[in-house]
Amino acid sequence: MRSAQVYRWQIPMDAGVVLRDRRLKTRDGLYVCLCDGEREGWGEISPLPGFSQETWEEAQTALLTWVNDWLQGNEGLPEMPSVAFGASCALAELTGVLPEAADYRAAPLCTGDPDDLVLRLADMPGEKIAKVKVGLYEAVRDGMVVNLLLEAIPDLHLRLDANRAWTPLKAQQFAKYVNPDYRARIAFLEEPCKTRDDSRAFARETGIAIAWDESLREADFTFEAEEGVKAVVIKPTLTGSLDKVREQVAAAHALGLTVVISSSIESSLGLTQLARIAAWLTPGTLPGLDTLHLMQAQQVRPWPGSALPCLKRDELERLL
């Protein structure tokens with residue numbers, strides 16, 4: 001016998017979280033819990049403002065429609081990426097397709113003070129990998145910060161993310177301030193320029209490896225082996241169903257590319273599922289999931305080791 005619940009939630013964010021020039025004061029989303037007999041499966045639907053095509057309200061309408069169809073025996077999935085991902089995760093838990101094993105390691109995210117990152121990395125066992133957002137300040141400053149980190153920690157590898165913020169000139173200004181001897185320790189730089197051609201040229205001219213992120217969600221994107229392209233970053237909330245995520249991972253791995261499963265600032269429930277997906281589909285590659293510290297609470301499923309309070313399901317607003 002099938003049954004389902006849908007919950008709506010809102011989590012206050014720490015001050016200072018800015019996405020594409022807009023301050024994110026709260027993280028808004030939905031959970032779906034599907035039940036079939038004794039089995040249960042959860043999924044998170046949380047479109048990311050400024051990145052997702054759909055709004056929270058549109059996702060809610062699509063989710064409620066899909067859940068009612070599922071209760072009637074329909075096995076299809078919705079089209080909206082965030083809804084398709086959350087619904088497919090709930091189904092994958094329900095049917096046992098999504099393994100329980102998880103990779104709770106996370107590449108620490110440096111959002112401000114480089115000294116803070118140095119302290120966090122000092123306690124990190126094994127390979128030291130961190131992520132730095134670039135493109136928010138002057139390109140010269142970004143280059144100096146990256147150079148400082150690579151100089152201060154000789155075994156550090158950095159993943160950088162520019163979110164297409166730079167013109168070719170700005171990108172070159174950044175590279176100018178990174179010692180050529182350190183550039184090989186930039187694991188990759190996600191989407192440095194506004195166009196793929198400019199990003200490719202940047203990789204050729206600087207020797208800094210790049211990764212595709214936003215490009216994966218563009219209609220004309222195809223997986224190809226390209227000079228200077230080392231990785232792809234997959235954000236499942238923005239991608240779609242779990243099957244689509246698996247297809248993209250397989251296509252990238254077939255070309256020898258590194259695949260990083262990355263957060264779209266999901267709640268703790270969604271992050272724990274991404275940790276399981278990373279362990280399943282990209283074993284051995286550190287996922288990019290260090291975003292929980294941007295929030296003021298966890299929900300339903302806590303992240304191991306987090307001191308944030310965790311709300312239980314009966315504390316959430318139930319829609320169905």
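Even glycines carry a Cβ here, placed using N, Cα and C.
In the three-state DSSP reading, LYS133 (active site, proton donor) counts as strand. The active site, proton donor annotation in Swiss-Prot covers LYS133.
For ASP213 (Mg(2+) binding site), the same-chain residues that are 6 or more apart in sequence and have a Cβ closer than 8 Å to its Cβ are ASP161, ASN163, GLU190, GLU191, VAL232, VAL233, LYS235, SER262. If you look up Swiss-Prot, you'll see ASP161, GLU190, ASP213 marked as Mg(2+) binding site, on the strength of sequence analysis.
Cβ-based neighbour count (10 Å, all protein chains) for LYS235 (active site, proton acceptor) stands at 25. What Swiss-Prot records for LYS235 is active site, proton acceptor.
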Greatest C-beta neighbour count within 10 angstroms, which of the binding-site residues ASP161, GLU190: GLU190
